[in-house]
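For reference, the structure discussed in these notes is given below.
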Ligand code: HEM
Ligand code: SF4
Ligand SMILES: [Zn+2]
């Protein structure tokens, strides 16, 4: 089966194969990003703007704010989890409290709004 | 490429959703195919059902749309009974118990913890008395809002209630408008107080006179969401009451054809207004969507508006006892954060019957009005014990409080809202003294930027955020000041960001004291804010811990229910079957 990913309820959460998997209101630590001037961005996720699949990664661009410096905006592509076996469709979320590296470009097959 | 939601809407949307909903309800929660959950939950919104947040799967928020907030005789009792019988979940709320109604900022009603299996029975009970949930959420004409005392008020120039009712009947369930690019919010008012709140709706009719005739001027494109607040803009059109429906038809058809269906974030008509401007909006409406010559705008009454102006005289809200034009009285009762226990609702229905006509009305400030009370009944009515909790003469901090749904049920939320605002209001009442001449002071708390509590039009605006305190993430609020409506509406200036939620009452206390010291003469709070720059204002908001205690600092969104004894997400009983027994979960 193909992995079906979208954001719903005005970007409140990411659905992976009709299961709510990633929610707004979590804090993510972003390193090596130019989101703000902080060494690591202490990022509050307020809304999922775009989602896509770069097998096996599920990726998203997230609107939110650095709660250390106050800079707000939309991140580059972040891996929010993986679907390792497309047949089972099982989703493994990343630990959002650990450090993440947003990517400028991505090989998204089917980025969707 | 049209969005996913548009694809689902193309397949099934509007009235036809109902048969599917009923079928699923008959068969039970498990009957909804797992790979169709998202599509069906998106569609159910059209019938007023919103799937609650993570950890509360299989439970729905149900919204009942009451146009202009009018609840006719006999309806309130049914609303209370439905809430009592069906709106209780697996855990109680420590402030409000286990069954309650929320009166909303768009004059609607929200019930929570509704089970799919109970929906047919609930619909039957509501519809038997003329109530319904159709189009209460979803991409269509939403509940029409207006002056809650339309038809009763002494300040009224055009009775907007029959017009609102006509719009409701014309556009509810009408297949031509059932699938719009996004929600469509309409306000209509005929009084000179400005309490329709037209300025923050997609389409607004406000009273105006043209060549000696009373009708409405039209404004388009207001809205508060997503850090993109807009005031509705004047498109230089006046309509007589009998043509309001034609212009509404024209505007909502224009929106249907021109709204952005590829990007839901850009779909509201406020963004089309950004792109087109009012002149083009008017000319496209004239040329393509109405078949008569539009009149230019008439003379409006905005300079008389007093509602939510912060002017400290006139009608800032509808709380209190006011004479109607028929010589009876309406009694506006304060409902703190809009939430009322089901038993209280049932009791109020009895009192409204006994002392008034049985009719009540909801305001856009989450309060309730008992109308048609004869003068000789006023004393007995206002001495009823129920009115100690829902007072017509509340403290300004109780009266001015509005809060949205927040982390209790809402997916978008960042922070806890209603219970927190209840605690704020109590603490402020006991600890803060407003200047003598300030009877109105509005504090609105929204759990995120969607702005359901309309924070940008409050004296003190609070919006959900997070920060770190001693390294630990805690719930926090951005603080804005000086918003309000009136002739010259103004959105709040956000002056102090990410204040830990337990330091907000202290911040408001310091702000009020600093205002009292620094104000010149009889300067109102709103003028005071308008006349000072953000830096000066930011210095006056001094966040501070006090003896206020906040039990919700701990990132309540990560719980399955913020007030449950064991609130851990893993301990959620959801999803449950029709009788509330946990079902095996798919993940
Ligand atoms: C489950 C609970 C709720 C959810 C998920 C929700 C969702 C939203 C969203 C996403 C928006 C902004 C999006 C847009 O521009 O269309 C919004 C705005 C708004 N909602 Fe809610 N809402 C909820 C409850 C409420 C309640 C209780 C009220 C009270 C009537 C309410 C009234 C409003 C108002 C007045 C606005 C802002 C004004 C505007 O932009 O038009 N909502 N809501
Ligand atoms: S303002 Fe945000 S948190 Fe509050 S009810 Fe609306 S969407 Fe939910
Ligand atoms: Zn930063």
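Cβ atoms here come from the backbone N, Cα and C positions, even for glycine.
Feature annotations, courtesy of TrEMBL:
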- B:56-90: domain 'Nitrite/Sulfite reductase ferredoxin-like' (DOMAIN)
- B:95-129: domain 'Nitrite/Sulfite reductase ferredoxin-like' (DOMAIN)
- B:137-289: domain 'Nitrite/sulphite reductase 4Fe-4S' (DOMAIN)
- B:322-384: domain 'Nitrite/Sulfite reductase ferredoxin-like' (DOMAIN)
- B:398-543: domain 'Nitrite/sulphite reductase 4Fe-4S' (DOMAIN)
- B:563-587: region 'Disordered' (REGION)
Mind checking which residues reach the domain 'Nitrite/Sulfite reductase ferredoxin-like' (B:95-129)? Cβ under 8 Å, same chain, six or more beyond either end.
21-22, 24-26, 28-29, 32, 49, 52, 56, 58-69, 72, 74-75, 78-84, 86-89, 136, 142-143, 145-146, 148, 185, 335, 338-342, 345, 361-368, 402, 404-405, 408-409, 418-419, 422, 452-454, 576-578, 580
With CB pairs under 8 Å as the measure, which of the listed stretches B:56-90, B:137-289, B:322-384 comes out on top against the domain 'Nitrite/sulphite reductase 4Fe-4S' (B:398-543)?
B:137-289
Please compute the mean pLDDT of the model over the domain 'Nitrite/Sulfite reductase ferredoxin-like' (B:95-129).
97
Please give the sequence-distant neighbours of the region 'Disordered' (B:563-587): residues at least 6 beyond its ends with Cβ less than 8 Å from one of its Cβ atoms.
28-30, 34, 54-59, 90-94, 115-118, 408, 419, 556
Quick one: DSSP breakdown of the domain 'Nitrite/sulphite reductase 4Fe-4S' (B:398-543) into helix, strand and coil?
53 helix, 37 strand, 56 coil
